[in-house]
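Reading through the C-alpha cells given below for one structure.
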Amino acid sequence: MSLLFLVLLSPFPCVLGLPFYNGFYYSNDLSGRTLGNGYGEGLFNGVKLVVETTEESLFSHQGASVTLPCHYHYEPALASPRHVRVKWWKLSENGAPEQDVLVVIGQRHRSFGDYQGRVQLRQDKQQEVSLELRDLRLEDSGRYRCEVIDGLEDESGLVELELRGVVFPYQSREGRYQLNFHEAQQACQEQGAMVATFEQLFRAWEEGLDWCNAGWLQDASVQYPIVLPRQPCGGLGLCWDYIYGTITHD
C-alpha cells in the first residue's frame with residue numbers, strides 16, 4: 001500500500017469542559033478498597049481527598065502550548081495545608097508504552113524523556129496541580145493521568161489531549177500501493193503529519209471527503225472514505241467507508 005491518510009496539524013483553540021470526578025472510594029480499612037460512585041476521592045480519618053480534571057478533550061496544535069487542568073481538595077476542608085506528591089503520566093495507547101511525564105514533591109520536581117524542558121506544574125491557585133506542556137509534538141496526543149498522593153491515599157483523574165488538523169490523502173511518487181504500514185508511518189513524518197485515526201477520517205468523511213483509493217489508518221486498517229458510491233470503490237451499495245482489510249504488524 002502506498003496511499004495513506006494523514007492529519008496535517010493546524011491551529012485550533014483549546015476547549016475546556018466542566019470538571020468531573022474520577023477514581024475510587026476508600027474505607028478506613030486499606031485492605032477493603034472498593035469501587036465507589038466514580039468520584040476521584042479517598043476517605044481517610046473522616047476526610048475525603050477529591051481530584052478534579054476536565055470531562056471533555058482538549059484540542060491544540062503542533063508547536064503550541066497547552067495546560068492540562070487538575071485540582072484537588074479535601075472534604076471537609078482542612079485548617080492547614082498538607083504536603084502531597086503529584087505525578088503526571090501518559091497512558092499506553094496503540095502499543096506504545098506508558099510514559100512518565102512529571103513528578104513533583106514540594107519544591108522538587110523531575111520530568112522524564114522527551115518531556116524534559118517542556119513541562120512544569122502550574123500552581124496559580126491553591127491546590128492546583130495542572131500540567132503545562134509546551135512545544136507540542138505529534139506524539140503528545142493521548143490520555144494523561146494526574147495523580148495526587150497524600151500519605152497512603154492517592155486519587156487521580158484523566159485528561160485527553162488531541163492535536164487537531166486537516167485529513168488529506170497522500171500518495172508516494174512510486175505510485176499506488178507501494179508502501180507497507182511502517183513505511184507509510186515514515187512517509188507521514190516526512191510530511192510533518194501523522195497517520196489519521198478512524199475517528200479523524202470519519203469526521204473528514206462527514207465533512208465531504210471522497211477518495212476512491214484505499215489508504216492506511218493508524219490502526220493498520222486500509223479504508224476508502226466514500227461519499228458517492230461507485231463500482232471501483234467497493235461497490236454501488238456502499239454509503240461511506242469501505243474496509244479494505246486489517247494488516248497485523250509487529
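Backbone N, Cα and C define each Cβ position, glycine as well.
Candidates considered were Cys188, Cys212. The record in TrEMBL pairs Cys233 in a disulfide bond with Cys212. Counting every protein chain shown, the number of other Cβ atoms lying within 10 Å of the Cβ of Cys212 (disulfide bond) is 15. Mapped onto DSSP helix, strand and coil, the domain 'Ig-like' (48-164) counts 6 helix, 66 strand, 45 coil. According to DSSP, Cys233 (disulfide bond) is assigned to a helical segment.
Cys233 (disulfide bond): 19 other CB atoms within 10 A of its CB, across all protein chains.
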